[in-house]
Amino acid sequence: MARKSDEDTNPMDKFMDRLRGSPGDGGPGRPDPSQRKVHFSIWYFILALLLIVWMQTYMGEQQSEKISYSEFKQRVHDGNVQNLVIEHDRITGTMKENDGPGRRFNTIRVEDPELVKQLEAKNIRFSGDVQNPWLGLITWWLLPFAIMIFFWSFLMRRMGGGPQGVLSVGKARVKIFAEKEITITFDDVAGIDEAKGELEEIVQFLKDPGKFQRLGGRIPKGVLLVGAPGTGKTLLAKAVAGEAGVPFFSMSGSEFVEMFVGVGAARVRDLFGQAKDHAPCIIFIDELDALGKARGLNPIGGHDEREQTLNQLLVEMDGFDPRSGVIIMAATNRPEILDPALLRPGRFDRHVAIDKPDIRGREAILRVHVKEVKLGSEVDLKKIAGMTPGFVGADLANLVNEAALVAARRDRDEVTMADFQEAADRIIGGLEKKNRAMNPKEKEIVAYHEAGHALVAMLLPNVDPVNKVSIIPRGIAALGYTQQLPTEDRYLMTRNELLDRLQVLLGGRVSEEIIFGDVSTGAQNDLQRATDIARSMVMEYGMSERLGPLTYTRDPRSAHLDLGLGSRERDYSEMIAQEIDEEITRIVEDAHEKVRATLKRERGCLEKLAKILLEKESIDGEELKQFCQEVKSHIARDPVQVEGGAA
């Protein structure tokens, strides 16, 4: 289509184009469209209100002259007034002029019983009038205000936003990024090289579709990005659009569904219609599970509008030509609840898994985020990556930002390794609360509790090494913590490793039993985690010798979320349920007895570590390494073998 020349363009369209700003030319320093709309609306209402006030004042002054009541009485006495109208609170009329029409005037009415007699004596014509108080309000305020709102709504629609009215609820609330507005490329995405490699083919198709079509190949219509929250699914989708240099249509799955029946389906049709007009382009639907949940998954209280919207999405994905250059990308962290029809070949026929990054991936992500940060010479990104297992891209970005804030709070010129350590502790354990007052008895209990965890971890062979022990309160409920860091990324755990982890979790409570002959509530979280491990060993992993290699649960867990998606479905007898309970109890009690025997034997080391904690409140680095070596040397000289592993 030929572009209109400047001469053919409507002046109103030119003006609105200036207000909107042409797509794609928003550079640094240029306000985004939403800011322009806000600024325009503020100035519009200020000027409109000033105009209304000015019109009332000016027009009132032009229509009549205000005079005092004494001057009015004098003019009545002189016979220089005519056509008086006496209202409830004022008197209006016309002054007689010798050389032209009379001037209108008004005055405040005063309670004057003699006025009517004087008017009759002077043969002045007068009448009474009852004024409606609402008429002036409507005429001078409500009507101008309604006109002002109408024009504002019209201008907002012309600027591409604002209230659209009932007739436009079916329009897709899509965020459109033009080619020049997307500055993110694959260089800004790190730690997920496998996923980037999967999507390079999509970029090549958008750049050169003929390369694939000449051999009869068909590019995937849809790409589903699956991964845990914060792994970079949205960032990766934008990077694909940035690499290909095509428009990017972004919309959340929850924005399709409304309370009005049919609105979601209309928005799906509108979204695909806009995308076809801007092809080649990318449609990105974030949180697809809000829209694409399997039909019939919740038959009681189901959502007909959501299912109707999903049906329309399925129809649209079937209806467009894959050669049109429109690629659909979506992201979810709950693929197991999506409708099977959405995942079949021909719709989302390519699934790209985005896992949590390994240590090399975390180091690469950190290098991306520290580009604008002044780092100290001793900062080791590889070491930071090693002490942040399980962190995803969003967590690492937050870590770098927190470290920079810690350094700024301490008035440093650069971010040091200590700042990164403090930031990691803050993210993992919560805000440090040195001012939380604990009495000496509580502090001693916490010290022995954490010393018990740390000492058991030092003595057992199948657990992660201890990195830091602290009795400084953090977060909402943590009065102390023992930090263990893995030496490498792990994807499997053996039975012996799980049993040793049980012993570490029980070390704090057993330490309290041995030293004080009593237990506290501080072990609540430890006991919960220990019970969960034992239950999983029996019911999910088949690690119970008594029950054998069987699984006794149908818990619909998400592979990308640390929670179950529903209640466990029980399909075993009461006798098996009793045996499961007995086996879970046995595993935990066996671990408890082993820890008790170990800490009784190493009570001297336990008391020494607790004493250090009471003095310094926190142990890490070289001092902790030295203590660990002393403990291991002591154990090497002791002929008694530390119990660990099989139960």
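Count begins at 1; order follows the chain as displayed.
Note: Cβ is positioned from N, Cα and C throughout, glycine not excepted.
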Problem set entry | Further Zn(2+) ligand in Swiss-Prot, beside HIS449, HIS453, within candidate set ASP380, ASP518, ASP526, ASP532 | ASP526
Seminar exercise, completed: Candidates HIS449, GLU450, HIS453, ASP526 (recorded positions); nearest Cα to ALA228 (ATP binding site) turns out to be ASP526
Exercise. Going by C-alpha positions, which of the recorded positions (GLY227, GLY230, THR231, GLU450) is nearest ASP526 (Zn(2+) binding site)?
Worked result: GLU450
Problem set entry | Residue from GLY230, GLY232, THR234 whose C-alpha is spatially nearest that of HIS453 (Zn(2+) binding site), among the binding-site residues | GLY230
Exercise. Per DSSP, how many helix, strand and coil residues does the topological domain 'Periplasmic' (61-134) have?
Worked result: 22 helix, 23 strand, 29 coil
For this session: Any same-chain residues 6+ apart from GLY232 (ATP binding site) with CB under 8 Å of its CB? Would you list them in sequence order, or say none?
Result: VAL189, GLY191, ILE192, ILE354, VAL392, GLY393, ALA394
Problem set entry | GLU450 (active site) and THR231 (ATP binding site), Cα-Cα, nearest whole angstrom | 33
Seminar exercise, completed: Across all protein chains shown, the one of the recorded positions GLU450, ASP526 with the most other Cβ atoms within 10 Å of its Cβ is GLU450
Seminar exercise, completed: Using a 10 Å radius on the Cβ of ALA228 (ATP binding site), the other Cβ atoms enclosed count 18
Exercise. Can you tell which of GLY227, PRO229, GLY230 has the most other C-beta atoms within 10 Å, given these are the binding-site residues?
Worked result: GLY227
